[in-house]
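Database features, via Swiss-Prot:
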{"type": "ACT_SITE", "residues": "20", "note": "active site, proton donor"}
{"type": "BINDING", "residues": "28, 106, 128, 129, 130", "note": "substrate binding site"}
């Protein structure tokens, strides 16, 4: 059995096989996931796991180069945004890089998810709790 954080086989595989600039989307329970996408459904019940718990676990194993968020999160979910940005700042320090954050419309965000190597659905039930993580290289 693995000793590292993530023990979900699908999620572990998705992270392990990411190449430079490939993306992984983490989303709330309501984001539409295209049928053609690699859906990694972690949602168990409302709020379990939370978006932030999912983000913390994924970023413990993934080197993040940049992130993409829907601009609507600024107005509709400032609490999650504040925690998310604080986490990305701490992660950047730990990784020794900057993690630029790009804000796009929710419609554009949904289109960008089509290119993700995986879409990880959490049990989060708050608006716009979604992020596209762009994979970097740790060297």
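Even glycines carry a Cβ here, placed using N, Cα and C.
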Restricting to the record's substrate-binding residues (28, 106, 128, 129, 130), give me the longest CA-CA distance in Å as a whole number.
13
Distance between residue 106 (substrate binding site) and the residue listed as 'active site, proton donor' at the Cα atoms, whole Å?
24
Give me the CA-CA distance between the residue listed as 'active site, proton donor' and residue 130 (substrate binding site), in Å, as a whole number.
21
Cβ-Cβ distance under 8 Å to residue 128 (substrate binding site), same chain, at least six residues away:
28, 69, 70, 72, 73, 76, 77, 80, 106
List the other residues in this chain whose Cβ sits within 8 Å of the Cβ centroid of the substrate site residues 28, 106, 128, 129, 130, in sequence order.
27, 30, 31, 70, 72, 73, 77, 109, 126, 127
DSSP three-state call for residue 28 (substrate binding site): helix, strand or coil?
coil
Do you know which of the recorded positions 20, 106 has the most other C-beta atoms within 10 angstroms of its C-beta?
106
Fewest Cβ neighbours within 10 Å, where candidates are the binding-site residues 28, 129, 130:
28
